[in-house]
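J.: Questions regarding the structure given below will be posed in turn.
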Amino acid sequence: MVDFPSRFDVIVIGGGHAGTEAALASARMGVKTLLLTHNVETLGHMSCNPAIGGIGKSHLVKEIDALGGAMALATDKSGIQFRVLNNRKGPAVRATRAQADRAIYKAVVREILENQPNLWIFQQSCDDLIVEQDQVKGVVTQMGLRFFAESVVLTTGTFLGGLIHIGLQNHSGGRAGDPPSIALAHRMRELPLRVGRLKTGTPPRIDGRSVDFSVMTEQPGDTPIPVMSFMGNAEMHPRQVSCWITHTNARTHEIIASNLDRSPMYSGVIEGVGPRYCPSIEDKIHRFADKESHQVFIEPEGLNTHELYPNGISTSLPFDVQLELVRSIRGMENAHIVRPGYAIEYDYFDPRDLKYSLETKVIGGLFFAGQINGTTGYEEAGAQGLLAGTNAALRAQGRDSWCPRRDEAYIGVLVDDLITLGTQEPYRMFTSRAEYRLILREDNADLRLTEKGRELGLIDDQRWAAFCAKRDGIEREEQRLKSTWVRPNTEQGQAIVDKFGTPLSHEYSLLNLLARPEIDYAGLIEATGGEAIDPQVAEQVEIRTKYAGYIDRQQDEIARLRASEDTRLPVDIDYTTISGLSKEIQGKLSQTRPQTLGQASRIPGVTPAAISLLLIHLKKRGAGRELEQSA
């Protein structure tokens, strides 16, 4: 064993989406951070589909961005197609999605990492953790080099005990072309943590020169081109390209159905549970047997490659079956497969063994982020990485941990779901998981989180100045609209009637008019001769005005719930002594050990009546302690 000559405050294991955000967050906060990766060339690598964002996911990306993270800016600099999903629905569920050039995205992330002060990168696999008296002290690499730190963040992705399946054949691997973490997986299984197996998969990659796009439906990006980062702009984007849509058919389904006995999932070879919302094509055919076809989105992997990602046909069937099913799809009759699809099984740890900070309950200073916690997706991983890296740095600084509440961020929803409910399948974020989604929009992530990020030390001066200018601009414009009045039978009044067909019965402020559903901000400014302002400011003014009543109602609901939500439950509370609680509920509470009353209320099977009994118990306990102190 050899000790590295320098000591670190935080060590991050893994250079994927969770690891990069964790390392960057920790370093931005001013603590000495080491990023340990098995291969420097794969930092920020997109292991699965070449896309960032989507329903629920873009909210996480914008929150990462609002806290100074890299994912959104890397997407703006590498995005080759941008679209806003649910554009005809309300702002709460609108979501930005971008196709990214894999090579550019990875290069941008690496550049950000290499230029981040307080961050050191070292290429070596981690084989062991140094743990003394239930506290992590450092790590040991493959060559026996020891690094010491106050906190360690594990972001191992699919590498822990990774097993790759193609047909009935399998081999060890972290992903295609990369070795797994076997020694570390064995070490982790020695810790007093609940462990399970999950699986995910990827489709075969296709050579675009062998595809007939003329029989497919073109899917261009949006115009004007959306932007992902609050600090981004459309000028950052590379050349934009289209995606294409085709479909499976009866012949495709017949090929798959007749070969299910050769599928590792349906022959019992794979034990891990796959993602419900990103099923393999075998799963789709089996679960939705009544459907005659399934969409396949043909996504370009980049501007300087012919490789295509056929989103929708993830598979682990044998190669000969993969080739046959691909060539049964319209437009891909002569397709050449560049890389076969595969499934991968890996270890994950029950997130109910974590605190809100993502620190493990049993090993002090050991944090988990990403797929190790049972999630799926780049965005979910990046969000956890940022939070874990932040809390690892806070711990090194001797400061209190932080996690946003469910009413403050989708990051808060994600973490609360994981540590309260756990997961038996890969967890994916959706807007439907958030009860306060009208407040947790992707467009206002900076207004919700950037001020807190500045307080934590995550936000640099440039981003802070831009945020303050936007926040002040919103306040100024709302005040201007509130104090500007329009009367009937005036030039401005008539302009509004002509523009919107809305007669004015009496004097209105521009803010009152903007609240009307038929009046939009751009048209109102055009009719009344106002000056053009920052589009981000204009968007916020319009949304806040039109949804003011609903937003106020949701804020009132949050205020009512927050009192009990934040009530702390003592660490040493013995649920078996609380009269009135059923044995089942006592067991659930004893196993989960919720930190707050709000968290306890979200445990499946814990009734409102049980929460009332807990509240009564806490009041009695508090009163009893006051009597003891007075005596």
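Think of each number as a place in line: the chain as shown, counted from 1.
From the backbone N, Cα and C atoms, a Cβ is placed for every residue, glycine too.
Look at Swiss-Prot and you will find Gly14, Gly15, Gly16, His17, Ala18, Gly19 tagged as FAD binding site, backed by sequence analysis. Summarising the annotation, Swiss-Prot assigns NAD(+) binding site to 274-288 and lists sequence analysis as the type of evidence.
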J.: Report, as a single number, how many Cβ atoms besides its own are within 10 Å of the Cβ of Cys278 (NAD(+) binding site).
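T.: By my count, 18.
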J.: Identify which of the binding-site residues His17, Arg276, Lys284, His286 has its Cβ surrounded by the largest number of other Cβ atoms within 10 Å, counting every protein chain shown.
T.: His17
J.: Taking only the binding-site residues Gly14, His17, Gly19, which one has a CA atom nearest to the CA atom of Cys278 (NAD(+) binding site)?
T.: His17
J.: In whole Å, how far does the CA atom of Glu282 (NAD(+) binding site) lie from that of Ala18 (FAD binding site)?
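T.: Ala18 (FAD binding site) has its Cα 29 Å from the Cα of Glu282 (NAD(+) binding site).
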J.: Given the binding-site residues Gly274, Arg276, Ser280, His286, Phe288, which lie within 10 A of Gly15 (FAD binding site) by CA-CA distance?
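T.: Near Gly15 (FAD binding site) by Cα: none of them.
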J.: What three-state secondary structure does DSSP assign to Glu282 (NAD(+) binding site)?
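T.: Note: Glu282 (NAD(+) binding site) is helical by DSSP.
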J.: Cβ within 8 angstroms of the Cβ centroid of Gly14, Gly15, Gly16, His17, Ala18, Gly19: which residues besides those meet this for the FAD site?
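T.: Same chain, not in Gly14, Gly15, Gly16, His17, Ala18, Gly19, Cβ within 8 Å: Val12, Thr20, Glu21, Ala22, Thr37, Thr155, Gly157, Ala369, Gly370, Ala381, Gly385.
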J.: If you skip the near sequence neighbours and keep only those at least six away, which residues in the chain come within under 8 angstroms of Ser280 (NAD(+) binding site), Cβ to Cβ?
T.: Gly201, Met265, Gly274, Ser314, Thr315, Ser316, Ala343
J.: State the Cα to Cα distance, in Å, between Arg276 (NAD(+) binding site) and His17 (FAD binding site), rounded to an integer.
T.: 21
J.: Given the binding-site residues Lys284, His286, Phe288, state which is nearest to His17 (FAD binding site) when distance is taken between Cα atoms.
T.: Lys284
J.: Between Gly15, Gly19, Gly274, which of the binding-site residues has the fewest other CB atoms within 10 angstroms in the structure shown?
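T.: Relative to the other binding-site residues in Gly15, Gly19, Gly274, Gly274 has the fewest Cβ atoms within 10 Å.
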J.: Tell me the Cα distance separating His286 (NAD(+) binding site) from Gly14 (FAD binding site), rounded to the nearest angstrom.
T.: 35
